[in-house]
């Protein structure tokens, strides 16, 4: 028989009755110090009013005074604290009604009870939460819910009965706990020189030491129940809350976030098991809810190489966030002030998307160790090294299509609305250039950003937080107070909630954006270098207000600054002279940072140096190119003074990456003495063409992240290339919180946008308005004038027709590639053989430029290309290699070689005496690439070759179109080569310096030779247009762009043969060679000059306004890259009309790529170029490129 108290009288009786307040099962199976069962009687000091708030797990700290919202009795100060469930705010000696039996309890010290609160967080919340000493709890609100009775009989409750709500203590099973058979002798301690205590184990022997170690057993986490019980004030259990209500309350009660109280609204007089009881529940936020939560170092749970599953801390954050959100919705709590972000983004949708273990976004697919079978099935190659020119920044599925890119453009326009109203600021007199009005406005904005006067007010609410108000807890019988809407709420009743992380705070979370810098994203050719140079002159060395760098880094991904190497204790080298002792030397006293570090592509390093020299008054700004063999000791470079002072250091992304890798290898060595870029803090860090760091996982990005600088700037015309996460990398570099935190950025920027949540655009706009300045050439100022007045630009697309031989080679190659693709697609193996398909597409694009390019190997795809070349052999059709060899060598001449001599002797005199340019009989235009027929008539090479091919297609004998003599074969044609002597301006100016018997400088030498059939259709079109330009403007300069350096080689040889002067600029050249090329191209000349330039190496950043003709020889995968190439010429400083010519071949992949660019994706695929073999293009796009789209029509213009 068990002794119990009657629910009516409190007297003991010997019969079964409801469970007691502390059930015996709570302490079963635990090793603990037992306390005898005692009957606690009420004392005089017992409060007449019982508080019915329940806290789980642990007690609050002692000594806390009366709270603002509820008066409670003092807790007694004793050393042992009850770790079971207790009533908050009551003396343990007086918290139980008379006759209640207190069950055994486990003792734990107060210090131990609260030791688990000292973790850290990566969320942008105040580092140390400020909780008022008198704060105990705040009334959040109340709601009505149902409960289920677990008791039978009368007297348990009635309408108005106050109830106490509690949770049964959770238990976890430790598989690795000591076995019951082993004796625990208490804590380990030292007694008489011997270690005693602890669980006894076997003695360690040599055999046991050599035996295989057994991994410790993992703790088995017990499943969390959702049972919340409620009892009356006399301690008798009445029932439990419904599962629907208990679902979101369970976690909050277990973690001590909330306290609950309530009363019965309605219930049956005679309770039965399972009957419904209507309850009114009051919810209070406890003091513990505002303590540090979720603060942890990122390194403790995130590793690129470790298992990327959700950690326990992340799970706790997610459960807390979801539970609080459900609670707020259940009570109907609304914020009194929403952040700017909350006003533009649907929090509900963002939070729903954050459910589950993907708190860190796409970490799973970022790990190389978690490659799936599906990825292997798609034929992805191994991860390649990321260089400066080409990087992958994420999954192909997250690329933005044309519609989404247009939405990004609209964001830019909205963010630019207020830019025309910026004030204008003049640079100091040491800056020699005159800024345009929009550049002066940019200087105003940049200066304000560096001074900390950003548009975001320091006292504005943090964009991730919302402001709420505690309600007034109305006691029963008190009149209901109606607050005035105009009345300012009491500041002590305010609290703040972060719906994205679940954190709560009593302190106002300000939007303290400590970043001093931003993104200058003006369109290409608007003078970003000039504007940054003016800023360097405006803001020189100054004393920093504090360690701003460390402050900003703390809020971004939990990173922690290491101690600079220059401040560490250094050691001299150990030698015999110092007797093998390491002698510490005092750290050097560093001056305030004064130098600006500019990181740019290697092709722009010399340009930065030259531009700074031209724009600066002599001696005001000294710059140094830190690259290659010129990398002197950085410490000595920064320590220079006077004439040796260096204000700007210019380096390349490749050099910085190399320095970063070296620093990682040596920085932790005990004898490391510094001397790296990463051991010094710079006044300003500038990333030119900053989209080079768009891949957050690339080594070049990490190298930029680690740089130390007080101010940070990113210069790029394309902050978002093709993914929203391109923007994240810039924000992370700039230390802009919270957007520089990847989990936050992905949670409510990337994922909502990809889910077509259009309100996510407003979030991006909100971000950009605070840190980005972007103007375009088409924008107008406040007076309606264009902010940039540039000469007109004319873009012409020349659609060319293949020659007969080229068409045969291309069709042969296309049919084989298409046949192979159809076979793979039919078998469902297209994507698993993706690399092979890309190799075939590459060969097609090369064949369009010149058939000889197909013979070359393209990196790792060369072997696949060889298979294509050999295809068709043995089936009577010949193979592709033989066809190209026939094309390159022409038809072998059947006439002997001595025919040339007699042939030439007869006509050379006549040709040399002619002064007028002859007219072609076939095209009725001036002859280009003049050839001589056996009948002495002449024609354009293209015209007569096409004429002969047409006759052969019609099974006719080719004859001369002028006289009808024939037959004519290609071997019978002779090329008329007229070479004009180059004019020497020095000797030509002084007739005495020339031999009077010599011929005039305008004399032309005429020779005959075999017809060169190696030139392609595009090459002939280029030469024809260059010849026209030479006739119109003898001093013209032009750029010829191609993505294939092998094609540039062929163009180079052809220009040399034609006597046209050229220069070369590509990725194989050193920085010094590139600088010399640009310098040579900029010099004045009296003859045409052509710059052959690689699209990848010279497509961005260069200032080539000395030219005004641009030729794009092939179609690039991204139209924006082509536009960047054009802007090398059409930019500030250009005073001539710009003419752009794009060559495409009708009926080829070029036409189809352009169609896809314009109509669908604007991003066919980077994998169509060399090296990008890990992308995924949709099958639909591949079919269109192969010409398998039914809508594809050859009748289109292109």
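Glycine residues also receive a Cβ, built from the backbone N, Cα and C atoms like all the rest.
Positions annotated as ATP binding site by Swiss-Prot: 522, 523, 524, 525, 526, 527, 528, 529. According to its DSSP assignment, residue 529 (ATP binding site) is helical. Cβ neighbour count for residue 529 (ATP binding site) (all protein chains, 10 Å cutoff from its Cβ): 22.
Annotation comment: Swiss-Prot describes 45-58 (among others) as compositional bias 'Low complexity'.
According to Swiss-Prot, the feature compositional bias 'Polar residues' maps to 59-76.
Under the heading compositional bias 'Basic residues', Swiss-Prot lists 104-117.
Taken from Swiss-Prot, the feature compositional bias 'Low complexity' applies to 118-129 (among others).
Among the features that Swiss-Prot reports, domain 'Helicase ATP-binding' is placed at 509-737.
Residues annotated as domain 'Helicase C-terminal' in Swiss-Prot: 1021-1180.
Annotation comment: Swiss-Prot describes 1-129 (among others) as region 'Disordered'.
Look at Swiss-Prot and you will find 348-402 (among others) tagged as region 'Disordered'.
Here Swiss-Prot flags 541-564 (among others) as region 'Disordered'.
According to Swiss-Prot, the region 'Disordered' annotation covers 982-1005 (among others).
Feature annotation from Swiss-Prot assigns motif 'DEAH box' to 688-691. For the motif 'DEAH box' (688-691), the residues of the chain that approach it from at least six positions outside its boundaries are 519, 528-529, 598-601, 604, 608, 714-716, 718-719, 721, 726, 730, 733, 1100-1101, judged by C-beta separation under 8 angstroms.
The zinc finger annotation in Swiss-Prot covers 920-964 and is backed by sequence analysis. Within the zinc finger (920-964), the DSSP-based counts of helix, strand and coil residues read 13 helix, 7 strand, 25 coil.
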Task: Other CB atoms within 10 A, centred on residue 526 (ATP binding site) - done: 26
Open item on the list: Same chain only, sequence gap of 6 or more: which residues have a CB within under 8 Å of the CB of residue 523 (ATP binding site)?
Closed with: 717, 774, 775, 776, 777, 1127
Open item on the list: For the ATP site (522, 523, 524, 525, 526, 527, 528, 529), what does the 8 A shell look like? I mean other same-chain residues with CB within 8 A of the CB centroid.
Closed with: 717, 1131, 1132
Open item on the list: Please list, in sequence order, the residues in the chain of residue 527 (ATP binding site) that are at least six apart in sequence and whose C-beta is under 8 Å away from its C-beta.
Closed with: 436, 439, 1131, 1132
- [ ] Compile a sequence-ordered list of residues in the same chain as residue 522 (ATP binding site), six or more apart from it, whose Cβ lies below 8 A from its Cβ; state 'none' when nothing qualifies.
- [x] 442, 528, 531, 717, 773, 774, 775, 776
- [ ] Please spell out the DSSP helix, strand and coil residue counts for the motif 'DEAH box' (688-691).
- [x] 2 helix, 1 strand, 1 coil
TODO: Mind looking up the mean pLDDT for the motif 'DEAH box' (688-691) in the predicted model?
DONE: 93
